[in-house]
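According to TrEMBL, the active site, nucleophile annotation covers Cys247. For His332, Glu334, the entry in TrEMBL reads active site. The L-glutamine binding site annotation in TrEMBL covers Ser45, Gly220, Gly222, Leu248, Gln251, Asn289, Gly291, Tyr292. If you look up TrEMBL, you'll see 1-131 marked as domain 'Carbamoyl-phosphate synthase small subunit N-terminal'. Annotated region 'CPSase' per TrEMBL: 1-171, in sequence order.
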Amino acid sequence: MKRKLILEDGHYFRGNAFGSEREKSGEIVFNTGMTGYQEIMSDPSYCGQIITFTYPLIGNYGVNRTDFESLSPALHGVVVKSKSPYPSHWKSEESFDQLLRRFDIPGIEGIDTRRLTRLIRAKGTVRAAIVSDDANVEDVMHQLQSELPFTTQVANVSTDSAYHVPGGAGPKIALVDYGAKQHILRELLKRGCDVHVVPYNATVEEIMALQPDGVMLSNGPGDPRDVPEAVETVRVLLDQTVIFGICLGHQLLCMACGGEATKMKFGHRGSNHPVRHLPTGEVAMTAQNHGYAISAESLAQTPLSITHLAVNDGTVEGVAHKHAPAFSVQYHPEAAPGPMDANDLFDQFLARAREPQKEMK
Ligand SMILES: NC(=O)CC[C@H](N)C(=O)O
């Protein structure tokens, strides 16, 4: 069965349908990872987006039970050049197609993903829809242009209520779930932490009542400016505990200190993004998935210093607070399947969480 992928600027592609039969729209973004499609598509930060994979063959090692980053993928669609008809791996339990059907996510195959990615790079992230082959391009285009931005993604993917994941004798961590990838929790548990996962709108009182040794701010979908209540909570938490932020968590920490978020032209999504640590000059390869960034200029008047910059485009990739025990990175130290270069940031966070708390106000 054929279907169409239509972009809001009127470009369209015809391809083969797979996954759900539903028609869905969303911001279309490209991911350059060569592996990890299961982790990528179950990352809650893709809520409401359509992913196009630049790697041409997707689905070749199937889908397994253990590599999910969330229980139910929140993305709106998948675009591939070719979907493997013969998944093969000892851990595989279902095909990519079955996975998409199970979660009601439409897919389209046979697309010239190089051309599509070039269009997105030239124009910047655009809205797109995966629709049936008989859909009228002009109608869909106008509908996409009039669609309002989706501003409640974090609320859609955060936990509804707090829960406890008992760990070992390690520090007690409150993990604020803005749409947390499972691997953040796994990295903490692996290090013996006792973890309390709290919803994105948990109050400072609720978080501090847990008496955490540190607070971890997770990744999450959408524009960080859509969650001002979270920025305010982080601002107050800064005086009270040790903080480590990842991706959306990094953006919220920066905004809580007076930094400004801006939308990037087409974002960073992939598992091969080099990042330079400014104090040492060391470069780490990192996994990334973000469409917003904190502007370097906006940080000049804040108590944050820039610790990391992207090698490719010079955007801010990490900050540390000059006076409070708080730091954050725009990339993913928990990345699975990798790269693991930045994994020791969890050790640095936990080392700080173990330090006796100095006089915080
Ligand atoms: N992975 C994330 O946390 C992404 C943060 C934010 N939603 C962005 O796109 O920039």
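Placement of Cβ uses the backbone N, Cα and C atoms for every residue, glycine included.
Shown on the structure are the features that TrEMBL records.
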residue: Ser45; record: L-glutamine binding site; Cβ neighbours (10 Å): 29
residue: Gly220; record: L-glutamine binding site; Cβ neighbours (10 Å): 28
residue: Gly222; record: L-glutamine binding site; Cβ neighbours (10 Å): 26
residue: Cys247; record: active site, nucleophile; Cβ neighbours (10 Å): 30
residue: Leu248; record: L-glutamine binding site; Cβ neighbours (10 Å): 32
residue: Gln251; record: L-glutamine binding site; Cβ neighbours (10 Å): 31
residue: Asn289; record: L-glutamine binding site; Cβ neighbours (10 Å): 27
residue: Gly291; record: L-glutamine binding site; Cβ neighbours (10 Å): 20
residue: His332; record: active site; Cβ neighbours (10 Å): 27
residue: Glu334; record: active site; Cβ neighbours (10 Å): 25
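Close to Gly220 (L-glutamine binding site), meaning Cα to Cα within 10 A, are the following active-site residues out of Cys247, His332, Glu334: Cys247. Sorting the domain 'Carbamoyl-phosphate synthase small subunit N-terminal' (1-131) by DSSP state (H, G, I as helix; E, B as strand; all else coil) yields 26 helix, 47 strand, 58 coil. Checking the recorded positions Cys247, Leu248, His332, Glu334 against ligand 1 with a 6 Å cutoff on the Cβ atom leaves Cys247, Leu248, in sequence order. Between the alpha carbons (Cα) of Ser45 (L-glutamine binding site) and His332 (active site) lies a span of roughly 12 Å. Among the recorded positions Gly222, Cys247, Gln251, Asn289, the ones whose Cα sits within 10 Å of the Cα of His332 (active site) are Cys247, Asn289. Across the fold, the C-alpha of Asn289 (L-glutamine binding site) and the C-alpha of the residue listed as 'active site, nucleophile' stand 8 Å from each other. For Tyr292 (L-glutamine binding site), applying a Cβ distance below 8 Å and a minimum sequence separation of six or more within one chain yields Asp223, Pro224, Gln251, Ala261, Thr262, Lys263, Met264, Gly267.
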